[in-house]
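These notes are about the structure you will find just below.
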Amino acid sequence: DIHTTAVAGVGVRKDVTRLTVSETENLREALRRIKADNGSDGFQSIASFHGSPPGCEHENHSVACCIHGMANFPQWHRLYVKQWEDALTAQGAKIGIPYWDWTTAFTELPALVTEEVDNPFHHGTIYNGEITTRAPRDKLFNDPEFGKESFFYRQVLLALEQTDYCDFEVQYEISHNAIHSWTGGQSPYGMSTLEYTAYDPLFLLHHSNVDRQFAIWQALQKFRGLPYNSANCAIQLLHQPMRPFSDADNVNPVTRTNSRARDVFNYDRLNYQYDDLNFHGLSISELNDVLERRKEKARIFAEFLLHGIGASADVTFDLCDSHDHCEFAGTFAILGGPLEHPWAFDRLFKYDVTDVFSKLHLRPDSEYHFNIHIVSVNGTELDSHLIRSPTVQFVPGVKDYYEK
């Protein structure tokens, strides 16, 4: 069942901006208790699921267990938020993990994580004694494309537009990366690092929202009459147990017995729900209309075949005409690091470059090239050849959606 009605209570995830004072204090007290718990359901143990210290292996090398760049990314993180949520509930939390809807334009991070006095959500302590910090980048608060809607809103709309699960997954995951990169910035112990991101409690709000976007896409798929609790791609991968949830020493029986990605498309099995599945005030049917209207206009996409580069990095790219007159074309982020599990997408990440083609008076069959700039989160410029130059696809507009 896809939930659309407003609800509240244990296992219900609310918009972080709608939390009551008592709900806020209840969550903070539960997190305080988790931080004081040195056992298998405590802060250090669950935070380590994602990154460092590495708990998984690949070709005889220790790697982080978190899954990125693969079709089971949504489900691994769906289970991970559930792991945190059940630990909070066991420590007295009366609601689920709230979500931070970063697709709505914002000028500051949620108060739940920024208030400094007696606030366990402000930062986390890492096993090595370091404290998580945040160094937000300017483009987190100011649209780098200067668009009519927020940068993140446009990126997620393109993800929600996809009707194939694996196409959706690529757009969805890369959109989520930018929040990691742009909230953590150059902090060596924070959201922009694969190894330490889960030690920052902001991670919980971010990934509650990321999972909600997955739930909204599933509701859209159901409305479209398309598969929403299964996929017709990456079949073998979606049948594989995901560690560390499948490990015998996982103390959470729900995540342990539902450790395959195919098991948790249907999140009713995990006993949580969202207060609603509206997107910017739109019902699922209204959202579908918005997505269909976007298809009426012809569009041009730069399409990247992405893979791991062993680092977290910001990517910007320019479009240049035959006279080397260049204009900023777009930006996205990669989440990775020395402990990453090797990954490579087999689907293209699409980026709408219609406006910049128009600005340079170019057509898809004109003479042009792209310049790619890759900067790691520590500020080091990386070799631009780490990412292959994108191909370009012209998608004709569909004019007859509303014609009777």
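Just so it is clear, glycine is given a Cβ too, placed from its N, Cα and C backbone atoms.
If you go by Swiss-Prot, Cys326 shares a disulfide bond with Cys320, out of Cys233, Cys320. In Swiss-Prot, the cysteine linked to Cys166 by a disulfide bond, out of Cys66, Cys233, is Cys233.
Residues His50, His61 are recorded by Swiss-Prot as Cu cation A binders, and the candidate that the same record lists for that site, out of His77, His122, is His77. Using CA atoms as reference points, the recorded positions His50, Cys166, His176, Cys320 were checked against Cys65 (disulfide bond), and the closest is His50.
Local packing around the glycosylation sites Asn38, Asn60, Asn378 was summarised as the count of other Cβ atoms within 10 Å of each Cβ; on this measure the leading residue is Asn378. For the pair His61 (Cu cation A binding site) and Cys326 (disulfide bond), the C-alpha distance works out to 42 angstrom. When the Cα of Asn378 (N-linked glycosylation site) is compared against those of the recorded positions His50, Asn60, His207, the shortest separation belongs to His50.
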